[in-house]
Ligand SMILES: Nc1ncnc2c1ncn2[C@@H]1O[C@H](COP(=O)(O)OP(=O)(O)OP(=O)(O)O)[C@@H](O)[C@H]1O
Ligand SMILES: Nc1ncnc2c1ncn2[C@@H]1O[C@H](COP(=O)(O)OP(=O)(O)OP(=O)(O)O)[C@@H](O)[C@H]1O
Ligand SMILES: [Mg+2]
Ligand SMILES: [Mg+2]
């Protein structure tokens, strides 16, 4: 039942340093086991197999930068050929990435970046700006363009959440001046706390018309709070939850939509990128990736592969995605 | 120094000593881990592994001192104190542009200050340690967030400061050789050889008797909390040198780990009993176990449970051996 | 035999002082309510108070359980993760279509069984409660992680009384909580089992000398904690609607906080569940009021931490002064 | 006094043995206790008295031997079953529930219940009041927390609890060691009444003068073995002493006349709210001054004030002529004052630690090298010399102090204070629980210490002891100084009169 022990059966139990069956690649997630990263793994594993590589995925049990570093180092120790990482804390990962590169290991970032590091490429799901703007658009649409809204975010020091929130607010200030953020950004660490914060927001601001739930832990909490308060339809909810997390609420009408990207495809792209680098190949401005419909753009200036625009999941399409 | 005519400790005492047990456990776990992963026994790897024990080891040391001091002593705020001290060091190094070395010094003093708040409320006002440090757990953690608005701070990569967290001397990580090891050596020496150590045990076993024996119980207990705070801050210094980032949640959850290591090491939760050398061995157990499991690709969440099993199993076995031997 | 007491001319009667001593926590609570009523709009509304009750109901039951073992001079830091495990099982069975009453029974039994593991280790294995429950807390966390297997379980309230439902504005879970606390308060004061908890918490060895079945009683207390966790788990499911990998973990520290803020001695043998209820109310209303006051989110922890410390300082120091005047020299 | 030969045995034991590791605490002991009989158990410290009664009470399972209680085999699996079988005990080291009220303490494990099985608080309260009235203990105490009571009051409550149980056998392990005459006499009455009602009483004591009041018969233990079993009428002190120690012992101390020197300690108008009012006292170097009074008279508080634990609200103190305003025990110690507390369990020993560090606790600062390092060889030498001198029965200096018998724990504390060679030595119930031979030793040592120039103040409830060692005696009554007696005025009768407030 342990999702972190990857690779074909029998291989991870007794890893052979001689390396018989092609390169070993790994991905270090931000936390282990959450549906989001499980979906990532699904795409990644499939691709690794088809490219003749073995794939492992691991992550800390809570979003803990030190733990993540430990996991990264243990993979280096085990002689992996390529490692992709979604750093919780870019800076602390830098030295470890440099050390791994010195050992000749291919290191890339995916899902989140460490811009100042020696990583070879960053595989980006969608730009922060696009994500922030999309969720703001969704909320504004549901609110009819005016009124008060709140934001329930995750841990205060998670870079990704903070930049999404910043981008969403930028979008609101530029495009929807009639909307007003009330109560500041509420930071939470888990679903139950998100529930309480959302409930208190609704009490403190009776005219509240919408809430953005940022991390996937907050999504069910905020939705549940709205449901408990009997305000489904009166207070709109959107956020960055995986379809499976949000599905119950989207289908029951508590959530208007949830914004994300095609997560399995991100896994596909990540593994493909590692393979390219292992083979010593360069990225083109537009790359055709087996398994992905659209070509993937590469920006040489920022050494970034961008998968494409965000996806919006609504009642109409959410049932098709199982992650 | 002669040892006098003290009869040698009986075999029974030796076997039921928690430290002997832990030492055996370390070796046994090491053997098990080397079976699980061929990478475990590489020498460089064994030494490098110790770096993961440095920060939590410092916290466990402070925690042990406070628990040894008795009267329900405990410091739940160590994790938050680490976070807040780390942030303060970041503010000094990044915003004020102070040399990281100097900032580190100030930070340790600041940590002692944080500890002194606990110490004041516990030792002078006589409030229950659990609740005092629970409040400061919230307080310090939240202050760390407030000071950074949730963000992160840097500025530690200058003047060779990073070497403290990232270099190795003869294969031993600098943070272990230069910080953890001296601290534990000092503490173990003080516990066994000095009046301070004796007094620590005396206030821990009966603080009223200690007061009548002329020990300034409040002052000593106050200092224990200061020491715990300073050690937490030292942990922050090491973290900053190691990760080069100060995060307001850096120490979250570490208090329970620190307590776990202290009690696994045989520190009696009601005070006055236990050896700091046992804590060091417990730290070794935890580090060996989690690094070995990591190399064997056992997931992080499963590691938590295995550590729990070891904690309970060790206590159970230890009791069993002790009971068998004594009757 | 003569005892020397020097009566002071204008001292209030000892009875009054004792009364005052026990009324300190209620006084603090009233002060808190008045403060937030003035400072935080919407605080004193029925809807808000009902929210507070609904959001703290599961925590209240955990705190009640923890009180029992703290009275024993023990502790249980595994209640949070234990709740997670039971919540997952309960929610899963419920979603699978098991009849609600059966789900309730199974949850309580499962909780009791998990509590029995703690009790067995503490009593039979003679491991100190803190080590035992630190260990089982870690184990329960892993068990939940494995059960959960990357799949959130979504479930509504198993029975209405264990969900956010209200009757005439009164939250039903509130009644459940009151009933549980009422029964426990009665048991602690009027049943032999309760008296035994106090005796053991004061001096387990002394209690054994007087024929108190120390092992059996302690074991029963840990089982009872588990059973309370079983009920709390279903309330959690009804409130949060989803069980995730870390469900319940966050509840351990607040549960212990409620007990100590309430004034139950961590040394054991002194205190009670009603005090815990007071402590819980103090903390829950504080957290709620601070948000409603519009305090910037990051400052919440600062205020809550400071307020708890001040409240406890006030409570303990005043009680001590009163104790001196009542003549409880130490 | 009842006769014994014709009564049926209520408890008979034979061949009892018990060892702790290498220590044989009790070896092959047998005796018979008749219904209504009062049997005293005598023996040196560490002779195995407490261990013997703990076997009877079900605390320790015996390694071997048989017990018969009221005709049925007695093999208690726990103290609870022994209690239920009718064995009620007051232990030597008082064990009670500090954070419960006295009333609750009385009824732990046997709360009166109503028909619904609920604890019947009203009946409990009624029974408690009746019990205390019967025993002449103030009823107000019932509502106080147990830890707010003085040691003696606690002891009275524990005795009350034990005698209230409908027991077949009542065991009292040194119940009088801190009680004064009045309480002791009341206790004897209770014991007598119970024995008349057919209860067998086992009574452990080191006070020979009590024997004729509490015992019909006595047994003597020596090194865990039975050394004698005689009727009380044949109690001859010298002979008992010889049975106990196996050698002739000199029970009297020799006291050279005092040559009092400078006034070392002086209080005037000293007042501590609720305990001590307007007390004047002087102690000179070279003399032993006794302090007597009923329980609660304020003697302990007076001593604690001099030692800096309690703060006076009025009055002055002088040490060696200089004003003395201690902010804590450290200040008092710096002035050369040493204090032996009466409550060894909570104020004396460091329970988790070895005998060695218990002895050197106060002396430690003088045993330090650079950086506060303990000079261990020297420390061990010091501890060993005191272990020898006071004949403390410890297998090694590293033996845990809680493994020592009660009397030897007391000696350990005594050594702790004597080792500091103080200028002023204050002793609160110094020979509590110490056997007769050693007691004489200690008393002799006290007098010698004083003759060497130390000012010695002894608080004791043991009047014969006080008269034996003191050059002068103060008597306190309800916090005030009631009398100062010396020379020919210092008689037992005069002290008792002052204690009771009866004037000639
Ligand atoms: N729990 C224990 N562990 C080890 N040794 C013990 C223990 N209890 C008693 N002993 C030893 O057994 C012997 C008898 O002790 P016991 O307490 O029965 O003596 P006692 O006759 O009651 O003495 P006292 O008059 O001083 O109370 C002593 O040598 C003591 O050190
Ligand atoms: N600050 C303190 N620290 C330690 N013990 C204290 C303190 N204050 C009071 N006590 C305790 O209070 C008790 C006072 O006892 P009590 O009122 O019976 O005085 P007393 O006249 O000395 O009694 P006795 O006649 O038994 O010696 C002692 O048992 C002592 O241990
Ligand atoms: Mg004894
Ligand atoms: Mg006294």
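Using N, Cα and C of the backbone, Cβ positions are placed for all residues, glycine too.
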Segment assigned the feature transmembrane segment in TrEMBL (from B:202-220, B:278-296): B:278-296
Recorded stretch that, among B:76-95, B:101-123, B:168-190, B:224-244, has the most CB pairs under 8 Å to the transmembrane segment (B:250-271): B:76-95
Range from B:76-95, B:101-123, B:278-296 with the greatest count of C-beta pairs under 8 A to the transmembrane segment (B:224-244): B:101-123
Beyond the flanks of the transmembrane segment (B:168-190) by at least 6 residues, Cβ under 8 Å: 43-44, 47-48, 50-51, 53-55, 57-58, 61, 65, 196-197, 231, 234, 237-238, 241-242, 275-277, 279-280
Contact call for the transmembrane segment (B:20-40) against the transmembrane segment (B:101-123), three or more Cβ pairs under 8 Å: no
